[in-house]
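Let me begin by presenting the structure, written as structure tokens, before commenting on it.
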Amino acid sequence: MKREKKDYYEILGVPRNATQEEIRKAYKRLVKEWHPDRHPENRKEAEQRFKEIQEAYEVLSDPQKRAMYDRFGYVGEQPVYQEAETGGSFFEDVFREFENIFNRDIFDVFFGEESGRRERREYARRGEDIRYTIEVNLSDLINGTEIPIEYERYETCPRCGGTGVEPDSGYISCPRCGGTGRIREEKRSFFGYFVSERTCDECGGTGRVPQELCHECGGSGRVLRRVRRTIKIPPNIEDGGHLRIPGGGNAGYYGGPYGDLIITVRVRSDSRFKRSGKDLIYDITIDYLQAILGTTVEIPLPEGGTTMLKIPPGTQPETVFRLKGKGLPGEYGRRGDLLVNVHVEIPKNLSREERKVLEDLAKKRGIPVA
């Protein structure tokens with residue numbers, strides 16, 4: 001069958017020694033000039049001319065295809081299966097050669113993502129989540145608190161409504177793929193020609209492109225804004241806990257929903273207390289005479305203020321007193337306890353008078369001392 005020879009240089013109106021930049025400029029000018037939407041009265045002729053321009057650019061923009069065209073006058077398909085004179089099995093050579101040509105596995109092309117679906121750029125996608133860290137005081141966990149924050153996020157472009165298209169301009173068929181959403185690739189090897197299809201990188205597989213990109217967002221459909229928001233911190237959150245604010249993240253793509261704002265809460269350490277779940281531990285040191293005779297001490301509370309704790313006579317070192325409901329809020333709002341750990345200080349040095357009083361007391365009680 002005789003091949004139809006076409007002068008691709010003549011179709012694009014460029015000389016045979018034209019640079020890639022000259023070819024690209026000619027192509028862009030011609031696809032705009034001959035787009036079928038611009039010739040409703042001669043649409044059929046325009047479509048044919050448009051396809052020829054597309055075909056010419058497809059060949060001349062590819063160095064390998066252009067070299068073959070310059071040499072043979074056409075770019076066509078040859079039988080793929082030829083006798084291999086290399087070591088190893090025939091199919092191993094085929095697979096190896098295929099990978100060298102396309103830079104990907106043969107199964108990825110024929111059975112993977114490239115063959116099974118069309119990856120569209122302009123489908124609605126959810127926006128990204130944004131992560132933000134807030135620090136709170138221990139006292140903020142008693143009744144909860146509200147903290148104002150300020151952060152940057154992408155919002156839906158108010159000019160184009162997220163479409164990325166300049167208002168009133170609309171869409172046109174993709175000039176690169178001719179509206180099909182697919183690009184056909186031919187690669188030559190010593191086995192012959194391999195032909196594959198891939199998603200058009202110009203339109204993302206949709207077959208159409210904006211006639212004019214939005215002047216405000218540049219076609220992304222999103223604009224960066226600084227926003228303010230008040231975050232409500234619940235009373236029972238743990239250190240390192242997370243809060244999810246639905247819709248507080250970045251705007252979606254092409255009408256997709258907003259992502260979420262994820263807050264990580266860090267509780268500042270309080271030197272007065274140690275945490276044990278919902279309980280708080282407070283250490284206090286009293287004099288040995290207070291432990292013997294009893295006393296009343298002032299205990300700070302995590303929410304602020306103080307309470308009085310009565311230490312009974314004869315309190316032993318490391319005695320723990322439990323103040324119920326004075327800890328941190330737990331499930332259903334029930335608070336943990338405040339545990340007061342009493343340390344007793346024994347003096348290392350005594351005055352002569354103090355020592356005599358204690359020696360007399362020991363003698364009366366029959367306690368041997370040094």
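Placed from the backbone N, Cα and C atoms, the Cβ positions cover glycine too.
The domain 'J' annotation in Swiss-Prot covers 7-73. The zinc finger feature in Swiss-Prot is assigned to 144-226. Annotated repeat 'CXXCXGXG motif' per Swiss-Prot: 157-164, 174-181, 200-207, 214-221, in sequence order. For C157, C160, C214, C217, the entry in Swiss-Prot reads Zn(2+) 1 binding site, with the evidence type sequence analysis. As annotated by Swiss-Prot, Zn(2+) 2 binding site applies to C174, C177, C200, C203, with the evidence given as sequence analysis.
Sequence features annotated in Swiss-Prot and their locations in the structure.
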{"residue": "C157", "record": "Zn(2+) 1 binding site", "contacts (Cβ under 8 Å, 6+ apart)": "G164, C214, E216, C217, S220, G221, R222, V223"}
{"residue": "C160", "record": "Zn(2+) 1 binding site", "contacts (Cβ under 8 Å, 6+ apart)": "E166, P167, C214, E216, C217, G221"}
{"residue": "C174", "record": "Zn(2+) 2 binding site", "contacts (Cβ under 8 Å, 6+ apart)": "G181, C200, E202, C203, T206, G207, R208, V209"}
{"residue": "C177", "record": "Zn(2+) 2 binding site", "contacts (Cβ under 8 Å, 6+ apart)": "Q54, I183, C200, E202, C203, G207"}
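Those same-chain residues not listed among C157, C160, C214, C217 yet with C-beta within 8 angstroms of the centroid of the Zn(2+) 1 site C-beta atoms are P158, R159, G161, G162, T163, G164, V165, E166, L213, H215, E216, G218, G219, S220, G221, R222, V223. According to DSSP, C203 (Zn(2+) 2 binding site) is assigned to coil rather than to any helix or strand. A simple way to gauge crowding: the CB of C203 (Zn(2+) 2 binding site) has 25 other CB atoms within 10 angstroms, across all the protein chains here. Those residues of the chain, other than C174, C177, C200, C203, with a C-beta within 8 angstroms of the mean position of the Zn(2+) 2 site C-beta atoms are P175, R176, G178, G179, T180, G181, R182, I183, D201, E202, G204, G205, T206, G207, R208, V209. When the repeat 'CXXCXGXG motif' (174-181) is classified with DSSP, helix, strand and coil residues number 0 helix, 0 strand, 8 coil.
Mean pLDDT, taken over the domain 'J' (7-73), works out to 84 on the 0 to 100 scale. Classification of C214 (Zn(2+) 1 binding site) by DSSP places it in coil, neither helical nor stranded.
For the domain 'J' (7-73), residue counts in helix, strand and coil come to 53 helix, 0 strand, 14 coil, using DSSP.
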